[in-house]
Amino acid sequence: MPIDVKIKKGLKLNLKGEAKNSIEQAQKSKTVALRPSNFHSLVPKLVLKEGAKIKAGDEVFFSKYSDKTRVVSPVSGVLKEIKRGAKRKILEVIIEADDYIEYKDFGSMNPLESESSLVKERIFSTGLGIFLNQRPYNIPADADDTPKAIYISAYDTAPLSASHELVLKDKAEYFQNGINALTKLTGGKVYLGVDKQSATFLKDVQNVELITISGPHPAGNVGTLIHETEPMNRGERVWTINPEDVAIIGEQFKTGKYNAERTVVVTGSAAHENNRKYFKTIIGSEVKSFLTDFEDNSRIISGNVLTGEKIESDGYINFFSNTLTVIPEGNEYRMFGWVPFKDNDIHSASKTSLSWLFPNKKYDVNTNLNGEERALVVTGEMEEMMPMDILPMQLLKACMAGDIEKMENLGIYEVVPEDFALVEYTNTSKIEAQEIIRNGLDLMITEVG
Amino acid sequence: MNWIRQKIDQIKEPFEPGNKLEKYRPAINALDTFLFVPDHTTKKGAHIRDAVDLKRTMITVVLALIPALIFGMWNAGYQHYTQLGENPAFLEAFLHGAYKIVPMIVVSYAVGLGLEFAFAIMRGHEVNEGYLVTGLLIPMIMPVDIPLWMVALSVIFAVLIGKEAFGGTGMNILNPALTARAFAFFAYPTYMSGNKIWVSEASNVDSISGETILGSLAANKEVTYNAAEMFTGIIPGSISETSTLCIVAGALILILTKVADWRIILSGVIGAAAMGLLLNALPSMGVEGNGLTNFPWYNHLIVGGFAFGIVFMATDPVSAAQTMKGKWIYGVLIGLTAILIRTLNPAYPEGIMLSILLLNVFAPTIDHYVIEGNIKKRKKRLDMKSVKTA
């Protein structure tokens, strides 16, 4: 019997600009970029110099603090440029891609019939380990750890997000193979969260503990699933991984090739309708290779509107992103916008707008802050967006104060920034809740480890 | 609309960073943001934001106060004229009240906002909107005849000692409006209590006496008002506290917009009713009681400042308990102590002010225990885990 996770608190945000359910091959991206900042806290050590010839699967850089945390090239080609910032910090490693990808051959391996240690060794030595993220802190998994469980959420409840089911439809076999490999990494269970409503093939996946999810966002967040099944305690480690990356692992074990294919969905009201669909491309590819038709003065977000990162139209999509959201910028003034019950076309979870009368209305959102940052005054609204048994305002205040003991007591290990995305969205005082949590987690890393 | 925007940008030019009036930016920004929601955009994280902001929230509270304010103005005039034996028209009564009360509001806003602006400029942060509510609340809970300079002093005390001393909006421990009233109450008792202050001009015109119901009860006099009058509020009292009807209208606005927490209001009423019932039962337990303890419990809810306090003051999110469970405890305790102080302490025929201030002080303690509860659950889980693995 699957575990049933039903969430009541949270918010289902209906936005305009949904994508069609069709998948297309994107134009070939001439270059791809690997950005160390996509792997939080990772300090890269380069193994290659500019001009080096590489195959897909060749190591590009590894973590200064753990040489088993490796990032490998998603394409074959020439290492074109290493972009550095202040203090020679590596910002981007840009690889010029060949027309036809040449793969490094890792040989095939059947994870179910192999020793656990060999499976783990292969995952980390061939750069697949970078897909695994560790909770607490949401940082790259440490190869020397054995997590108490591994969590995969194949139901993204965030607004305008990709359907994992659609993306993985043709890769069911690889996905299963990837799951088989993951079971060798943990002494505990591998959890797979799926939408309770849909009759997806994901419900038939073997060797997992199935979680059926229902309720508004953040029901599908991994943090919610962990909290509802095996909540994190001090000192424990859990790994998480995106479903598409499970399939990449499965394919590499099967074929011996690191096929870094990424299906990205283009969504958002500022992307033109004919551009809003799924594109098959490569991890880290140029945004312009699939985003061709969009409004001026819009924001391009690698990821969803709640947690994504702002990128430029000539930039590259983030390593983990499977969504590219384009929404209008909101850099305009709005007269008397603070009057209650005015401007009801802007969504509000608060009842000081009439938008709650139309729960199914789809909203055209922009990036306006709709106010200014203020001291925290209103209480009770954060709790409405927090399905976990965590006191959100108190935890945020503990993080702001840098009170480590209090942060620990109030459950900092159980959360990552994305769990506070809705708190940030609905907050009357416009505080940057996700950044506060991220800073709190970073403080915990340095002080507690 | 565009040319207005351009005009404002022109006026704001000398205040931009790098220009000579930069220091006064918060002041000009505060005025500008009342005309326009600014063009600020998100930087990262949640790229979209809810339409609500603190201005909207605070204005909603001001809206909720309007019925009680209008009624208070009318009632001030009505009480005055009926005590003189006249039967005033609505407008006549209203204008008499407005003539007294509007200057109080003007003084309260001018002094309070002046201080808020000064502190914003000094500390270099934006002006917070909290005073929009506080500044209106202060005159509304004063007796109608209080001199304007006392209003001004009370405001200064509330803003400086009640709020800014703790770090400004969001950091204060006591409700600023009640701090102002408490200051006036203890500094100028002859203007704040007794039986000659509750009706306009009562101290100058001999034929006007106008005691409050609680005052009469405390003096063991007969109450001449019926329950309907108490509920609609055609009785003497502080400017806007009398009409439970208008306060309920305000409460509905606050509860439906979720600006005030219904938990505090409901639990406060439960607490007050429970204490009222208990005191009403004293005679059956062989204790005689007094006029106030024998006053029916439901009447306790509709006379005096209880309704106004529990709806508009106890629900101030900054000084109230902040956890969900804490709010229930906080509300019940306010209800209990308000009626307790009212009935058993002869010096203060009205208890709600002191009971809210008292519980403001204890709200962090209440929250502390609620938070400890959450922490204990987490620790217990960890202990269970260690036992299992050991």
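A Cβ is built for glycine as well, from the same backbone N, Cα and C atoms used for every other residue.
Note that the structure is predicted; figures quoted are calculated from it, not measured.
Per TrEMBL, FMN phosphoryl threonine is recorded for B:Thr212. Taken residue by residue with DSSP, B:Thr212 (FMN phosphoryl threonine) is part of neither helix nor strand, so it is coil. Under a cutoff of 8 A between CB atoms, and with a sequence separation of 6+ in the same chain, the neighbours of B:Thr212 (FMN phosphoryl threonine) are B:Asn195, B:Trp198, B:Ile235, B:Pro236, B:Gly237, B:Val303, B:Gly304, B:Pro349, B:Glu350.
Under the heading transmembrane segment, TrEMBL lists B:58-77 (among others).
For B:97-119 (among others), the entry in TrEMBL reads transmembrane segment. Below 8 angstroms of C-beta separation, residues 26-27, 30, 69, 72-78, 127-128, 131, 134-136, 138-139, 142, 144-146, 148, 151-152, 155-156, 158-160, 164, 168, 200, 239 of the same chain, each at least six residues beyond the ends of the transmembrane segment (B:97-119), sit close to that stretch.
Beyond the ends of the transmembrane segment (B:131-161), by six or more residues, the same chain brings 58-59, 61-62, 65, 68-69, 72, 76, 97, 100-101, 103-105, 107-109, 111-113, 115-116, 169, 176-181, 183-184, 187-188, 191-192, 197-203, 238-241, 305, 308, 312-313, 353 to within a C-beta distance below 8 angstroms of the stretch. Positions annotated as transmembrane segment by TrEMBL: B:131-161 (among others).
Sequence annotations record features per position, and here TrEMBL assigns transmembrane segment to B:234-257 (among others). Nonlocal intrachain contacts for the transmembrane segment (B:234-257), taken as residues 6+ away from its ends with a CB within less than 8 angstroms of a stretch CB, comprise 60-61, 63-73, 75-76, 78-79, 97, 101, 139-144, 198-199, 210-213, 225, 265, 301-305, 307-309, 311-312, 315.
Annotated transmembrane segment per TrEMBL: B:264-285 (among others), in sequence order.
Beyond the ends of the transmembrane segment (B:297-315), by six or more residues, the same chain brings 61, 64-65, 68, 137, 140-141, 175, 177-178, 212-214, 227, 230-231, 235, 237-238, 240-241, 244, 247-248, 250-251, 254, 260-261, 264-265, 268-269, 272-273, 275-277, 279-280, 330-331, 334-335, 338-339, 342, 349-353, 355-356, 359 to within a C-beta distance below 8 angstroms of the stretch. Among the features that TrEMBL reports, transmembrane segment is placed at B:297-315 (among others).
Among the features that TrEMBL reports, transmembrane segment is placed at B:327-345 (among others). Within the chain carrying the transmembrane segment (B:327-345), a Cβ under 8 angstroms from the stretch's Cβ atoms is held by residues 214, 261, 263-276, 279, 290, 292-293, 295, 300, 304, 306, 309-310, 314, 320-321, 351-352, 354-356, 358-359, 362-363, 366, 370, all 6 or more beyond its ends.
Marked as transmembrane segment by TrEMBL: B:351-371 (among others).
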